[in-house]
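Pulled from Swiss-Prot, these are the features on record:
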type	residues	note
SIGNAL	1-20	signal peptide
MOD_RES	Gln192	pyrrolidone carboxylic acid
DOMAIN	194-392	domain 'Peptidase M12B'
BINDING	Glu197, Asp281, Cys387, Asn390	Ca(2+) 1 binding site
DISULFID	Cys305-Cys387	disulfide bond
BINDING	His330, His334, His340	Zn(2+) binding site
ACT_SITE	Glu331	active site
DISULFID	Cys345-Cys369	disulfide bond
DISULFID	Cys347-Cys352	disulfide bond
DOMAIN	400-484	domain 'Disintegrin'
BINDING	Val402, Asn405, Glu409, Glu412, Asp415	Ca(2+) 2 binding site
DISULFID	Cys403-Cys422	disulfide bond
DISULFID	Cys414-Cys432	disulfide bond
DISULFID	Cys416-Cys427	disulfide bond
DISULFID	Cys426-Cys449	disulfide bond
DISULFID	Cys440-Cys446	disulfide bond
DISULFID	Cys445-Cys470	disulfide bond
DISULFID	Cys458-Cys477	disulfide bond
Amino acid sequence: MIQVLLVTICLAVFPYQGSSIILESGNIDDYEVVYPRKVTALPKGAVQQKYEDTMQYEFKVNEEPVVLHLEKNKGLFSKDYSETHYSPDGREITTYPPVEDHCYYHGRIQNDADSTASISACNGLKGHFKLQGETYFIEPLKLPDSEAHAVFKYENVEKEDEAPKMCGVTETNWESDEPIKKLSQIMIPPEQQRYIELVIVADHRMYTKYDGDKTEISSKIYETANNLNEIYRHLKIHVVLIGLEMWSSGELSKVTLSADETLDSFGEWRERDLLQRKRHDNAQLLTGMIFNEKIEGRAYKESMCDPKRSVGIVRDHRTRPHLVANRMAHELGHNLGFHHDGDSCTCGANSCIMSATVSNEPSSRFSDCSLFQYSSDIIHNPFTSRCLYNEPSKTDIVSPSVCGNYYMEVGEDCDCGPPANCQNPCCDAATCRLTPGSQCADGLCCDQCRFMKKGTICRIARGDDLDDYCNGISAGCPRNPFHA
């Protein structure tokens, strides 16, 4: 059994609030200064990890005490995660860096069921958390010989440009004659967990913008992927970072002022080059290019799993990885088949993931329209989900298993999240074991905690291919042995 480490950090609020300061996130108009003080309660003889599996932070926001629970995002990297860059003469250089003891976390606020958190603990505490419906950011002040951090709201960040930005996908607004249920009434069915094995590519313009600092680029992409993973976990989609590319010697596909041309060329490169040497489900290009017509991103619609079209492009923002993650989540949503939100769509926040106009305000929520479309349509589409069931082996997701993180790992029968959030009657959230009498908790061949009858169609054929059928003895949907 894994020995869970309890780490308590008290953040003492500095006796004044700052009026203005320049941080990594930009110029901050108003902020609180806090000092993380770390107290570790380790069993006698235990060896402390560099980055603990579980941490707890206690601090005050607006003079109100909060308790922030953090858990290392063990599903962030695949076991065969690789990074590729290129020598000045264009030679491909691929490495397999150790990523087991990484420093990226997800979390929640105690006694706030709607709270979320995405934090990097690599060099101080950096990231964001949602408390009582409002998003706060924490970031080191980077003062000499000081552990001071700033806590601030996004509304206090000076904006580069207030003009609205656009997604390049058009003619895809939400339309439905069916009434949309309230957010609390829309349930994501307890189907089989889906996995998107993702490669993120930094183009040469982005590489140059960061002065060729590979460490900084990879850290930004790790942080982006951690945020992206946190956004999609609520749909039971596990985004696994399987590879990172840096086009260090020059662009490997056309990157122009036209988002459409850039997307087409990147898709062709992915099919011709990347797929031939790296297995993955989807690739996203992060670019330093500023596209025409204030376009921030572009993706093919309903294209997940397609060799050429399962791609998206997103403009990089050096100081705001949370916004990059929101925009990448948006384009990835189009790949899955999501429409843009209409005027009547809502998510309980000022901005939703699939809003047509790209907001400067970060959001981690899909709207009621998106959730309805996902639960009634996308989740059942065999064309855009066929590659998402080939889950990485439980041993392919690095680090030991932890019950309650939504990912079924070695030694678990199921994992429906923390007991307070679990809505699966087949799974005991406290133990990650099946409830008494249950044969299964999710899967295409699991219905009301029981295996579906042998011969039940679980995946409809595409084109001239064959349907897949349940075998009556497992929850998964086995591949038809007579497939072409």
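A Cβ is built for glycine as well, from the same backbone N, Cα and C atoms used for every other residue.
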Using Cys305 (disulfide bond) as the reference point, find which of the binding-site residues Glu197, Val402, Asp415 has the shortest Cα-to-Cα distance to it.
Glu197
Report the nearest neighbour of Cys369 (disulfide bond) in space among the recorded positions His330, Glu331, Val402, Asn405, Glu412, comparing Cα positions.
His330
Helix, strand or coil at Cys387 (Ca(2+) 1 binding site), per DSSP?
coil
Nonlocal neighbours by CB distance (under 8 Å) for Asp281 (Ca(2+) 1 binding site), same chain, sequence gap 6 or more
Tyr195, Ile196, Glu197, Leu198, Met304, Cys305, Ser310, Cys387, Leu388
Cβ neighbours within the same chain of Cys445 (disulfide bond) - under 8 Å, at least six residues apart
Phe451, Met452, Thr456, Cys458, Cys470, Asn471, Ser474, Ala475, Gly476, Cys477
Mapped onto three states, the DSSP assignment of His330 (Zn(2+) binding site) reads helix
Disulfide-bonded residues near the residue listed as 'active site' (Cα-Cα within 10 Å), from Cys347, Cys352, Cys403, Cys440, Cys449:
none
What's the CA-CA gap between Cys414 (disulfide bond) and Val402 (Ca(2+) 2 binding site) in angstrom, rounded?
11
Where the distance is taken from Cα to Cα, which of the recorded positions His330, His334, His340, Cys345, Cys440 turns out closest to Val402 (Ca(2+) 2 binding site)?
Cys440
Could you check which of the recorded positions His330, Asp415, Cys426, Cys432, Cys449 is the closest Cα neighbour of Cys345 (disulfide bond)?
His330
